[in-house]
């Protein structure tokens, strides 16, 4: 008679559901912050290490994946970058428009009394776009060190096309390097429960949420608008693309991408997570290896919402009337600003003065609005990143599935 041994604890942890493990890490992090504040602050190192590891591996992952996919691209094989790019831009503009409607329906006001410190926002939209264009011609080593994904994409695409003319041994080497980096990414992601345990513990211990209660209405409008975009606007765009129930895909992306992004608060750190999810969904590698890092740079629905809501809150506070054409123009400006947010230190918050300038709001008052943004940043930045990053993989999957459906229907007709 033989007895079958039950799998050990380590084996269960290594092969169990990552989402369930993350939930356990989340609960344990909250409990530790509640029981012992010093201990919770100490384990914050685990979260810092996890986010640092993701940020470290993401640039080289993007470089190798894009190089490998372009170098090994077969002639005549179609990618779906243009449809995805269109979805990115449409999604960002739709988010800004939804934020305008939400802000009119639930107007918020601010207490403009704090200072934003020595922060230098860009002087205009031209400067934002100039920074975005200049990042394309960055030194490749500098781009890798600083996580400049526009620069990394440009070099990876250029080297990929150049390597198309190389011999098969070189192409195989690039492909093997890409697979090796992908393996390292999977290894890092397995430590997500420990990392999120550290992040949650330290965040609750060091900041708490007591300071957020003074801005409860503003946060409700911000987070409510982001939920509206995630659960209504994005599903409508996905349904328009794939013509079937979008919610299984939407909820999967929120669960397996948005949860990570919420706690890491970094679109760059979430690139490896999104790449792994695309592989799990069996999407075209040539497509997602380009669209995911591109989305982390320009697909900024959450940033568009933040810029729009905080700007209109300042407008309401000062009693400035806003007509429909001006509101539509604000949506366009917020969308353009959001697309350039990755190239600005401080991200979406420091682009608020550009939008405020539309209404003749002085820079001093605009920087006080930015200061409010930093106060609520614990929750605002987490929700914004979760929406931005989960939308990257959502729109990539929608475009790839739509193309697969088109090819299948074409084959049936023939």
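Including glycine, each Cβ sits where the backbone N, Cα and C put it.
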According to Swiss-Prot, which of these ranges is transmembrane segment: 248-268, 269-289, 332-352?
332-352
So, in Swiss-Prot, are residue 294 and residue 365 both on one side of the membrane?
yes
Of the ranges 16-36, 121-141, which one does Swiss-Prot list as transmembrane segment?
16-36
So what's near the transmembrane segment (84-104) in sequence-distant terms, Cβ-Cβ under 8 Å and 6+ beyond its ends?
221, 224-225, 228-229, 233-234, 237, 241, 287, 291, 294-295, 298-302, 304-305, 307-309, 312-313, 316, 327-328, 330-332, 334-335, 338-339, 387, 391-392, 395-396, 398-399
Out of 46-66, 143-163, 180-200, which stretch has the largest tally of CB pairs under 8 angstroms to the transmembrane segment (16-36)?
180-200
Mean per-residue pLDDT computed across the topological domain 'Cytoplasmic' (164-179):
86
